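Colleague: When I checked Swiss-Prot for this same protein, it listed these features:
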type: TOPO_DOM; residues: 1-22; note: topological domain 'Extracellular'
type: CARBOHYD; residues: ASN2; note: N-linked glycosylation site
type: CARBOHYD; residues: ASN5; note: N-linked glycosylation site
type: TRANSMEM; residues: 23-47; note: transmembrane segment
type: TRANSMEM; residues: 60-82; note: transmembrane segment
type: TOPO_DOM; residues: 83-96; note: topological domain 'Extracellular'
type: DISULFID; residues: CYS95-CYS173; note: disulfide bond
type: TRANSMEM; residues: 97-118; note: transmembrane segment
type: TRANSMEM; residues: 139-160; note: transmembrane segment
type: TOPO_DOM; residues: 161-179; note: topological domain 'Extracellular'
type: TRANSMEM; residues: 180-202; note: transmembrane segment
type: TRANSMEM; residues: 292-314; note: transmembrane segment
type: TOPO_DOM; residues: 315-324; note: topological domain 'Extracellular'
type: TRANSMEM; residues: 325-347; note: transmembrane segment
Amino acid sequence: MNITNCTTDASMVVRPKTVTEKMLICMTLVIITTLTMLLNSAVIMAICTTKKLHQPANYLICSLAVTDLLVAVLVMPLSIMYIVMDSWRLGYFICEVWLSVDMTCCTCSILHLCVIALDRYWAITNAIEYARKRTAKRAGLMILTVWTISIFISMPPLFWRSHRQLSPPPSQCTIQHDHVIYTIYSTFGAFYIPLTLILILYYRIYHAAKSLYQKRGSSRHLSNRSTDSQNSFASCKLTQTFCVSDFSTSDPTTEFEKIHASIRIPPFDNDLDHPGERQQISSTRERKAARILGLILGAFILSWLPFFIKELIVGLSIYTVSSEVGDFLTWLGYVNSLINPLLYTSFNEDFKLAFKKLIRCREHT
């Protein structure tokens with residue numbers, strides 16, 4: 001997402017890059033781009049080829065992977081060329097298309113994270129009712145909404161840009177906007193509002209999970225103290241222990257449906273009679289949940305917050321940054337498209353099995 005204000009200043013003029021510097025930068029960015037393509041392609045293939053992953057929650061993950069793949073295929077390569085050559089050599093029309101695709105795809109990737117957080121929040125706090133509403137059609141509508149909002153956020157500059165062919169062709173490809181209202185509209189719509197919503201949702205998700213752990217531990221303790229209760233539940237099907245990885249990655253609905261559907265929970269391990277042991281297990285799960293949520297939020301904030309702070313202060317003419325700083329912060333945001341497939345699938349056993357299956361298939365071919 002390259003929305004740098006076109007303010008120039010003599011103090012911001014920097015020396016040209018040496019050949020060695022250009023090679024190192026090019027190699028680094030090519031590696032990032034290649035890994036982003038491979039990882040997101042693997043997520044898409046895993047979901048498409050694994051029937052067990054055909055769930056509405058995973059459709060959102062798949063759509064996120066498609067969006068991040070578009071960033072890697074359509075945006076990153078031209079950015080590498082632009083940075084290495086120190087000038088834009090593809091003409092005005094390609095510049096316009098590239099900038100529009102860049103803004104749309106990056107905004108869409110961010111909004112996908114917001115929608116995924118919202119889906120998980122509904123699945124955890126209102127599991128039984130939301131399970132009936134959580135359909136492929138609903139996931140499709142959420143994805144369509146995300147793309148629509150992204151287009152409305154990124155397209156307005158097209159209406160006030162000059163559409164005449166420049167002669168000679170432009171040597172710089174940056175969105176030039178002096179519209180303060182649009183700067184505020186785009187930065188808040190693409191990042192600050194989604195960030196606020198994501199923080200609120202994951203905060204509530206964590207507390208819902210923490211409360212659930214405590215309730216399950218308390219229920220087990222009560223059931224273990226009653227022999228009659230044990231006998232009365234002997235014929236009941238044992239529900240599985242809630243797994244942090246399910247809640248933190250793909251589809252937590254199933255476990256929460258089981259938990260919320262059962263007012264009374266059958267006894268599990270009799271060696272958990274001591275309150276200290278139960279509290280220790282609960283605390284371990286809470287810490288694991290906190291770590292996973294911390295990774296998700298931390299990666300998102302570290303990737304995009306510096307860029308959008310820069311965009312706000314530059315767009316409001318508070319400060320001007322060099323092209324090197326702008327490029328670094330832009331690519332820091334792009335790296336989020338590399339991190340997303342790792343964070344949103346690595347903690348889920350179904351995805352791990354699907355990836356292993358894909359690797360085995362490639363080895364046999």
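Including glycine, each Cβ sits where the backbone N, Cα and C put it.
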Colleague: Over the topological domain 'Extracellular' (161-179), what does the predicted model average in pLDDT?
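Modeller: Over the topological domain 'Extracellular' (161-179), the predicted model scores a mean pLDDT of 66.
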Colleague: Quickly jot the same-chain residues contacting the transmembrane segment (325-347) by Cβ under 8 Å, restricted to those at least six beyond its ends, or write none.
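Modeller: Same-chain contacts beyond the ends: 1-2, 4, 29, 32, 35-36, 39-40, 42-43, 46, 61, 64-65, 67-68, 71-72, 75-76, 79, 83, 106, 109, 113, 116, 244-245, 248-250, 292, 295-296, 299-300, 302-304, 306-307, 310, 355.
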Colleague: Which sequence positions outside the transmembrane segment (97-118), separated from its termini by at least 6 residues, show Cβ-Cβ distances below 8 Å to it?
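Modeller: Contacts of the transmembrane segment (97-118) (Cβ under 8 Å, skipping residues fewer than 6 from its ends): 1-3, 57, 60-61, 63-64, 67-68, 70-71, 74-75, 78-79, 90, 142-143, 145-147, 149-151, 153-155, 158, 173-175, 186, 189-191, 194, 197-198, 201-202, 205, 300, 304, 333-334, 336-337, 340, 344.
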Colleague: DSSP secondary structure for CYS95 (disulfide bond), reduced to helix/strand/coil, please.
Modeller: helix
Colleague: How many other Cβ atoms are found within 10 Å of the Cβ atom of CYS173 (disulfide bond), counting all protein chains shown?
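Modeller: I count 22 other Cβ atoms within 10 Å of it.
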Colleague: Write out how many residues of the topological domain 'Extracellular' (315-324) are helix, how many strand and how many coil, based on DSSP.
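Modeller: Going through the topological domain 'Extracellular' (315-324) residue by residue, I get 3 helix, 0 strand, 7 coil.
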Colleague: Can you tell me whether DSSP puts CYS173 (disulfide bond) in helix, strand or coil?
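Modeller: Assignment for CYS173 (disulfide bond) reads coil.
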Colleague: Looking only at Cβ atoms, how many others are within 10 Å of the one on CYS95 (disulfide bond)?
Modeller: 21
